[in-house]
Amino acid sequence: MSFSAWLSTHYEERGLVKWLAFFLEVVAALTLLLLMLLTCTDVLGRYLFDNSLDAASELTEICIAILVFAEMPIITWRGGHVVVDILDRFIGKKVIKVLGLLSIFVMSSSLYYVAHRIFFIGARSIRRGEESEYLAIPMGHVVQYIAIMSWVTAGAVITYGIYILLFPHTPEQQSTHPLSSSQEAK
């Protein structure tokens, strides 16, 4: 099986979104592998040689930030967040759609504002020359990565919401998503 066929089989997204999702998942997978190797090395060093890695905690923190914020846009685009639909059977389809649109607006604008503030804090950190304790990694770059991925996630919230509203897929997806218009009152 060719790489292109494998990618098309495992990623239902199209065009640039498919390649962005693949790239971000590769980043997350490599980060997870690094985190696993780092943890194993730290534990083995601690128990076998009585000497742990000095920078293990700061590398773990950085790796977790990279991992979480690489996956946020993908999970958002695929609609993988938890949706609580307790009141859906008591309110109408149009109200559900309006509430879904309102939630998209609130989530995307909140992510945008938070990312703006985080990016400012990262720039300030770079100007001040703040570095990690053991490896002297400029922390402002990690903070700005978090801001950029939050902006990408805000864009994913908006595009996913529009995508679900304009291009509903299968009946199963339509009936489980809060923005779909084919929900039936039970």
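Yeah, the Cβs are placed from backbone N, Cα and C, and that goes for glycine too.
As written in TrEMBL, here are the features:
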- 35-150: domain 'Tripartite ATP-independent periplasmic transporters DctQ component' (DOMAIN)
- 20-39: transmembrane segment (TRANSMEM)
- 98-122: transmembrane segment (TRANSMEM)
- 142-166: transmembrane segment (TRANSMEM)
The domain 'Tripartite ATP-independent periplasmic transporters DctQ component' (35-150), counted residue by residue under DSSP: helix, strand, coil: 84 helix, 2 strand, 30 coil
Contact set, same chain, for the transmembrane segment (142-166): CB under 8 Å, 6 or more residues outside the stretch: 62, 65-66, 69-70, 72-74, 76-79, 97, 100-101, 104, 107-109, 111-112, 114-116, 118-119, 121-123, 125-126, 177, 179-180
Folded-back contacts onto the transmembrane segment (98-122), same chain, C-beta under 8 angstroms, at least six residues removed: 140-144, 146-148, 150-151, 153-155, 157-158, 161, 165, 178-179
Whole-number mean of pLDDT values that fall within the domain 'Tripartite ATP-independent periplasmic transporters DctQ component' (35-150): 89
